[in-house]
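Features of the protein shown, as given by Swiss-Prot:
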BINDING   17, 18, 19, 20, 21, 22, 23, 24  ATP binding site
BINDING   19, 20, 21, 22, 23, 24  substrate binding site
REGION    42-45  region 'Interaction with substrate tRNA'
REGION    166-170  region 'Interaction with substrate tRNA'
REGION    247-252  region 'Interaction with substrate tRNA'
REGION    280-287  region 'Interaction with substrate tRNA'
SITE      108  site 'Interaction with substrate tRNA'
SITE      130  site 'Interaction with substrate tRNA'
């Protein structure tokens, strides 16, 4: 798309970053100054009744800056990147029609990618093919299937661990159904986002500082009643660890503790470690992201001013 035709598109802002990097605080500050409306880009914040462990904006913050796409699913329900793209596009169109600018804030990089580039045309799951793969795994082991994937799609095999049956099974399933590799299909994008997007990523300059923040925030969540929040979910009886909601960082570890699998101290240790790993994955995504303007979360006023400098012209 030419620069001229791109300039005629409606404007949007992406504010991305790892967990515990200060995205929400900056988004709220920006809303005071720019004509923006916030859309949450977070696969955990979509769930009702999961507030403390997801660091969902509190009532005061939501009053100052309402977020769209919060609390839109029960924890028993699934929600895909395709669902997000559909919902986000509808919200963006609504915001643009009102003469304002969508500010998308969050850390679920897959959602940002799906929104920006469109979704690759992957085939739907096929229960028969999946059953055949699982049968083969039961007979030969997942290591054997991983070797098979290495021959079919070495790029995907390098990214998928042999102990990750869900992703391994999906990569093989895609090939058996379509005759094309997962790598081949994911390089084929769908419809690109029809907006002129200004992209920002916020993070502390040092990894140690981020790790420190993550640990502090996990302990803060525990002090705020995180255990009671998960106990209420645990007591429902219809939720389990195969659901995306319960696999969320922190919830999975607390679930293991409540189920008597690990001690409280082990839960805290694993919860902090899992959150650090999540942040590492988010930063890895962002380092390979094109056209992103980096902000230092330890200098919030400077970060705000940098955003205003880049997008200030669109506020008029």
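Cβ atoms here come from the backbone N, Cα and C positions, even for glycine.
Here the features listed in Swiss-Prot are painted onto the structure.
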residue: 17; record: ATP binding site; CB count, 10 Å: 27
residue: 18; record: ATP binding site; CB count, 10 Å: 28
residue: 19; record: ATP binding site; CB count, 10 Å: 23
residue: 20; record: ATP binding site; CB count, 10 Å: 25
residue: 21; record: ATP binding site; CB count, 10 Å: 27
residue: 22; record: ATP binding site; CB count, 10 Å: 19
residue: 23; record: ATP binding site; CB count, 10 Å: 25
residue: 24; record: ATP binding site; CB count, 10 Å: 23
residue: 108; record: site 'Interaction with substrate tRNA'; CB count, 10 Å: 20
residue: 130; record: site 'Interaction with substrate tRNA'; CB count, 10 Å: 16
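Within the model, the region 'Interaction with substrate tRNA' (247-252) shows a mean pLDDT value of 97, rounded to a whole number.
Here the candidates are the binding-site residues 17, 22, 23, 24. The one whose C-alpha lies nearest to that of residue 130 (site 'Interaction with substrate tRNA') is 17. Residue 23 (ATP binding site) sits 12 Å from residue 108 (site 'Interaction with substrate tRNA'), taking the C-alpha atoms as the reference points. Cα of residue 19 (ATP binding site) to Cα of residue 108 (site 'Interaction with substrate tRNA'): a distance of 9 Å. Cα of residue 17 (ATP binding site) to Cα of residue 108 (site 'Interaction with substrate tRNA'): a distance of 9 Å. Following the DSSP three-state reduction, the secondary structure of residue 18 (ATP binding site) is coil. A Cβ within 8 Å of the Cβ centre of 19, 20, 21, 22, 23, 24, the residues given for substrate, is found for these other residues of the same chain: 17, 18, 25, 55, 107, 202, 297. Spacing of residue 21 (ATP binding site) relative to residue 108 (site 'Interaction with substrate tRNA') is 13 Å (Cα to Cα, whole number).
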